[in-house]
Amino acid sequence: MATMSSISKIIFLATCLIIHMGLSSADFYTVGYSQDDLTSIERLIQLFDSWMLKHNKIYESIDEKIYRFEIFRDNLMYIDETNKKNNSYWLGLNGFADLSNDEFKKKYVGFVAEDFTGLEHFDNEDFTYKHVTNYPQSIDWRAKGAVTPVKNQGACGSCWAFSTIATVEGINKIVTGNLLELSEQELVDCDKHSYGCKGGYQTTSLQYVANNGVHTSKVYPYQAKQYKCRATDKPGPKVKITGYKRVPSNCETSFLGALANQPLSVLVEAGGKPFQLYKSGVFDGPCGTKLDHAVTAVGYGTSDGKNYIIIKNSWGPNWGEKGYMRLKRQSGNSQGTCGVYKSSYYPFKGFA
């Protein structure tokens, strides 16, 4: 097996390292590197090895490790250049730092859709919170005990299931007082209108829970693959909802009015490199509004004069702020930062 010194020589001969000696004020523990790490190929290799250990990365061959190192190095340079721009957020060496942006998009974002033609059309008159105009300046459903720990969808395009389940977990806690971790795998296997690990619908997954209920994740654990539906074989009670409704599109007031009352299933454009490598702070792009990823809005607030929405992601706790992102609101775009106001749904349980 090749030694680290031989890897260093191979990479050094194959590539020309461009040294960036910026004066980034980012803390090492925030972004995962220091400026000293950029001064030599040896320091970069040491950084890569420590990053691999932290994120449990194992590669099948020395060629694969060299290839991943080169992507890691390129991403690090992009991170460092971005962090010098005095943005309201930091990028960092998260678990996606060895993936090209194309690889990242293929594995972790993709097909999600807000509507399924076989279901009822919802108009603004059906919106529960249309008369809510006086809502608190901030709310965090995590602090209210209505949010389960951050989960990880893995290399399965099941974000739609995680987003739906998080909203059902939230409304179940709000109505019954019980916070239960529910089964995303049941939706992946059993929502026949969605496509398992290849994407899915907010609407049909919510309708599935309304029609059938959903088991806890302990009874029906997540496996990051689609299998035959086994819901009828599982014991124990299910959590059900009465139905679901849509938040009027492209309206921040309606969005915040609903979010003040419960977590929301939302879609965003998450395929850009800044979103991939986000570490902390209030994210304001660049990103577009071509929706490709489902997340859960679990609160909103203000920090240092910057207003934001708290979104819970399904990429594990090593992405972002322990699995969360603060997404800028009042962006000047009616669709919201990354299109967050375009497609939002919420379940209801025992009230309309």
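Glycine too: its Cβ is placed from the backbone N, Cα and C atoms.
Annotation source Swiss-Prot lists signal peptide at 1-18. Positions annotated as N-linked glycosylation site by Swiss-Prot: Asn86. As annotated by Swiss-Prot, disulfide bond applies to Cys156-Cys197, Cys190-Cys229, Cys287-Cys338, with the evidence given as experimental evidence. For Cys159, His293, Asn313, the entry in Swiss-Prot reads active site.
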- Query: If you measure Cys229 (disulfide bond) to Cys159 (active site) at Cα, how many Å is it?
  - Reply: 18
- Note on the structure: Looking at the recorded positions Asn86, Cys190, the one with the fewest other Cβ atoms inside 10 Å is Asn86
- How many whole Å apart are the CA atoms of Cys197 (disulfide bond) and Cys287 (disulfide bond)? 24
- Query: Which has the fewest other Cβ atoms within 10 Å: Cys159, Cys229, Cys287, Cys338, the recorded positions listed?
  - Reply: Cys229
- Out of the active-site residues Cys159, His293, Asn313, give me the one sitting nearest to the residue listed as 'N-linked glycosylation site' by CA distance. Asn313
- Query: From the Cα of His293 (active site) across to the Cα of Cys287 (disulfide bond), what is the distance in angstrom?
  - Reply: 12
- Message: Measuring Cα to Cα, how far is Cys159 (active site) from His293 (active site) in Å?
- Response: 6
- Item | Integer Å distance between the CA atoms belonging to Cys338 (disulfide bond) and Cys190 (disulfide bond) | 30
